[in-house]
């Protein structure tokens, strides 16, 4: 599957490195500075395109990718700095490791958001807000919640458009859940949002409920904030004040801007209809499955929600975690359908700028000193080892 947008080329190759987040010196292609009107080739599954071939949307996609490449260049340098003293900055997951690594006999089940009780939903949102009051581990002028957004926007960006997209985010979710437990006393499991249940009317999903959900769209008629969005004014996260948007330090309200191309307040559910999900799950190889999940399902939702979700700092929005848990859920289901062959199937391009198909189970997932770097092999089976969960 062809990548859409600009590429960043490396002026030196990482010798012997297979690490997501390795930060070589970059040069940005001069064409990346242009926001052309060329049509993007449609990415299709089934009989209808997942994304509409529209010049306005093309411009937004290209602009989004160009801006984030500049952000990655800056964060690349920081990724080295963050590794200098990991003894004082590394986020601990020891509590979970001690309880789960030695034996994982009864892995708990991650449930769909609507399967949680009212009390469990409130406990989850309380813990998320709590994390936004814990001081930054990286010494940023923000909180631990902001650290996770910076982690994804910098180191995590190297996993996009590559085979490491699914395993890198799987472990990042685990680390985030561990932080909720350690710092905020969270005693549940990360839920997932099964958007296939809402495909006929995504904008009115119960996930956006102001009482038992994540709050809804940005304020109708309110001022534009970031990512063509507006401030979220209902729900449990109205007090969140992220400190960055992509490469820019700008404290702002949590912002969303539901849209279906030029139609505001609406979100197209076509990419998430059941027959599309069925086709994705029938992909025979890991490489094809990963590409379908990321380039279709993942990207389509980021564009539909917009606001904070339009940038690589999308983890500013708590919906990021239940969205990515759903993609992890789909991967888990795909693995279970043929455990003998798929449980440890991992190949393709390990990093988005890899020059060849270098991915292996020994390839490292790197987190820039935020938490321990681990080989891909440690996150392939969620029901054994340190992860210890199922869906």
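Cβ atoms are placed via backbone N, Cα and C, with glycine included.
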Legend entry - transmembrane segment according to Swiss-Prot, located in which of 61-81, 82-102, 103-123: 61-81
Inset, instruction - Please report the number of other Cβ atoms within 10 Å of the Cβ of residue 141 (N-linked glycosylation site). - result: 10
Legend entry - Assigned element (helix, strand, coil) containing residue 298 (Cu cation B binding site), judged by DSSP: helix
Legend entry - Candidates 141, 298, 324, namely the recorded positions, that fall within 10 Å of residue 169 (Cu cation A binding site) by Cα distance: 324
